[in-house]
Amino acid sequence: MATYGQTQYSPALQPAGPYTHYTHHTQGYSVPSYNIKTEDGLSHSPGQTGLLGYSNFSSTPPSQSLYSYPHPHGDYHPPPSPPTPGKEEVIPARRGSDGKLRGRKKILDPAPPLDSDIERVFIWDLDETIIIFHSLLTGTFSSRFGKDSSKAVSLGLWMEEMIFNLADSRLFFNDLEECDQVHIDDVASDDNGQDLSTYNFGSDGFQSPAGAGSLCLGSGVHGGVDWMRKLAFRYRRVKEIYNTYKNNVGGLLVSPKREEWLQLRREMEILTDLWLTQALKALALINSRPNCVNVLVTTTQLIPALSKVLLYGLGSAFPIENIYSATKIGKESCFERVSQRFGRRAVYVVIGDGAEEETVAKKKNMPFWRVSCRADLEALTHALELDYL
């Protein structure tokens, strides 16, 4: 969590290898004016000034693009990503009238790159980096940025209620709270692939009368094969729900919760000066690159983290396979897992507000971009547009 003890901070990108030291301040540089418009006519042009020093990066002309603000009457939809080259399929050759064999190539739908093909991995923190949540409840955000403290706390409590309501009602958090996993597929090996379309989770005897706390040992492993299979069923269903509704979380909410969520998203964006919108722009720029990927490592438990991602409209930015919870094992172990998954050839960039991710990034010689205010997200977006990152 962020500590807002300074009015000015120099977020340091401290790369390894060929990169040189990179710093920027929140005063003295010029950021392009992004015209972010809502469908209901709202607009925001966050041009800021500060000092931005880049060194030892190749530069290309910036690309200007518009991103939709989370609309109060619908979900956030990021801009379409540019097409990636598709694989070619050679259709069997046919013999022409002149007796020669002729074949033609057909472009198939592009497949996502393999993990081993990824060239750059952006590891994001969640709270107070992409979204503003905990600092609303503590009053830190309102005091630092001069906002109405009672309004901030009220919105924070409102969002907290929605996060846990969704987690409990649709994502099995009552069953899984004491059986938390780092990754959605961590118990997939216990899943026998049974069809769950008519499966009754409420009567399968998963929880003992004493609750699940006595069933989960250590990292959430239980000795019974039958019980572990039921645990795996729940995580599989969570994965299915996430993938089904990641671009339409409103479909998960019944009235009046959906209307409340739309109002809450709008009011939070106004209070935070479009913080989330700016983060979404950076995330979308990364997603538009064919061999780059966004990964989320959060200290929130996995199920509430998924609930947050859905409610804040981040489902399109983070495939569920790219979300890790550091609650039990810490961020350093999570970073290790991410590194093992994408390999040593990839470049890793860590983006966050807290001391833990910064310390781990430095230890692993990964570039670190600190986010302590919205201007830091604007500068990050600018650096991405110029292909400095």
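Glycine residues also receive a Cβ, built from the backbone N, Cα and C atoms like all the rest.
Annotation comment: TrEMBL describes ASP125 as active site, nucleophile. Taken from TrEMBL, the feature active site, proton donor applies to ASP127. Summarising the annotation, TrEMBL assigns Mg(2+) binding site to ASP125, ASP127, ASP353. The feature region 'Disordered' is assigned by TrEMBL to 37-56, 62-88.
Fewest other C-beta atoms within 10 angstroms, among the recorded positions ASP125, ASP127, ASP353, are seen around ASP127. Between the CA atoms of ASP353 (Mg(2+) binding site) and ASP127 (active site, proton donor) there is a gap of 8 Å, rounded to the nearest whole number.
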